[in-house]
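To start, the structure itself, in structure tokens.
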Amino acid sequence: MAISKNQDEVEQNARTSYFNLPPLDASVAFPQATPVSTFPPSVSDYYQFSDLLTAEDQALGMRVRQFMEKEVAPIMTEYWEKAKFPFHVIPKLGALGIVGGTIKGYGCPGLSITASAVAIAEVARVDASCSTFILVHSSLAMLTIAICGSEEQKLKYLPSLAQYSTVACWALTEPDYGSDASGLKTTATKVEGGWILEGEKRWIGNSTFADLLVVFARNTTTNQINGFIVKNDSPGLTVTKIENKIGLRIVQNGDIVMKRVFVPNEDRLAGVKSFQDTNKVLAVSRVMVAWQPIGIAMGVYDMCHRYLKERKQFGAPLAAFQINQQKLVHMLGNVQAMVLVGWRICKLYEKGTMTPGQASLAKAWISLKARETASIGRELLGGNGILADFLVAKALCDLEPIYTYEGTYDINSLITGREITGLASFKPAMLSKQSRM
């Protein structure tokens with residue numbers, strides 16, 4: 001069938017005059033309930049978890065909450081829909097005093113892991129993408145430099161990163177190596193004065209605009225994993241944005257290609273001598289990531305609590321119906337349990353007794369319960385449950401990548417399973433050297 005080149009133009013001309021009008025604002029189109037641009041009050045702390053926090057930690061959480069509700073909530077839906085990043089917010093995030101988290105000195109706040117986790121939860125309560133942006137920069141890239149870097153590297157890079165004068169990303173994952181990250185193929189070859197990096201990375205948050213890239217590569221001499229600080233203007237380095245994501249759309253994930261990228265000796269992270277050294281960073285990061293779904297679930301509950309009291313059907317608020325109350329209480333119970341597991345894993349870390357299996361179980365279980373909570377919230381909001389204007393649909397989508405990154409639910413379960421049984425089960429039986437027969 002022959003199609004005229006101007007067929008789309010003809011069809012558009014034939015449409016009604018109002019076809020291209022901008023959409024109504026959600027508050028105008030649906031005046032019976034308040035959209036998320038005016039964020040709902042925090043009502044999820046049913047068991048008064050805040051009593052477990054110090055006065056300083058409570059003040060920090062309140063400061064972050066007020067900032068997120070005032071500065072981010074009114075704009076996040078638009079940026080999420082367009083998959084764009086609100087760069088004007090970065091200096092304001094830097095002024096909150098949470099970037100650098102648990103790192104002491106070098107302009108970093110030196111927070112307890114509990115305080116840092118509470119702050120991240122308050123960010124994620126309003127917008128999960130902002131919390132991921134902070135965690136990639138702070139709990140991965142900055143922490144790697146703090147733990148594995150030299151004193152000169154810490155003095156050179158951490159102060160500006162702590163103020164968000166510069167932005168960093170953390171490049172471990174590759175196209176062929178996600179859960180099996182230790183098998184990465186990117187190579188680092190020693191040459192005079194430095195190293196040559198060759199390879200590809202994928203799903204790297206912040207990478208499209210990061211000033212610094214913390215990159216992991218396989219030393220061609222030792223066959224061990226080493227770490228490097230790569231400048232964004234290094235010849236041979238290209239980064240392109242990954243499009244068409246359904247979750248964390250504000251986060252700018254990128255594909256990185258390195259073709260003979262030279263890294264001077266002073267930018268090798270000497271403390272990264274093998275893949276095991278990345279676990280020092282991931283131990284903290286996995287705890288922090290567990291608090292993201294806690295914050296998201298808090299926001300979903302807060303939104304549903306307000307919505308059910310505002311929205312009316314059959315002559316009564318939705319909150320007056322028994323089945324809706326049951327669902328709301330189910331969500332509230334989930335949030336209480338998630339918070340208490342998150343709090344306990346922080347205390348185990350602070351005592352120095354947290355195991356990898358405990359961190360993995362916390363991340364896996366909390367993210368699972370957050371998905372359930374958001375799913376119930378989506379049911380409660382009916383048709384508005386598929387609109388980002390009322391938070392829940394956006395939260396449901398944002399939880400999907402969080403459920404997957406920092407170890408999928410299954411991989412984290414296997415880490416805990418290995419710890420409690422003493423038996424590793426990461427490879428299929430067919431790849432095992434010993435027969436099961």
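Placement of Cβ uses the backbone N, Cα and C atoms for every residue, glycine included.
TrEMBL entries are annotated by machine, without manual review.
Database features, via TrEMBL:
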DOMAIN    54-163  domain 'Acyl-CoA dehydrogenase/oxidase N-terminal'
DOMAIN    169-261  domain 'Acyl-CoA oxidase/dehydrogenase middle'
DOMAIN    279-419  domain 'Acyl-CoA dehydrogenase/oxidase C-terminal'
Per-state residue totals over the domain 'Acyl-CoA dehydrogenase/oxidase N-terminal' (54-163) - DSSP helix, strand, coil: 83 helix, 4 strand, 23 coil
Arithmetic mean of per-residue pLDDT over the domain 'Acyl-CoA oxidase/dehydrogenase middle' (169-261): 97
Secondary structure tally of the domain 'Acyl-CoA dehydrogenase/oxidase C-terminal' (279-419) (DSSP, helix then strand then coil): 122 helix, 4 strand, 15 coil
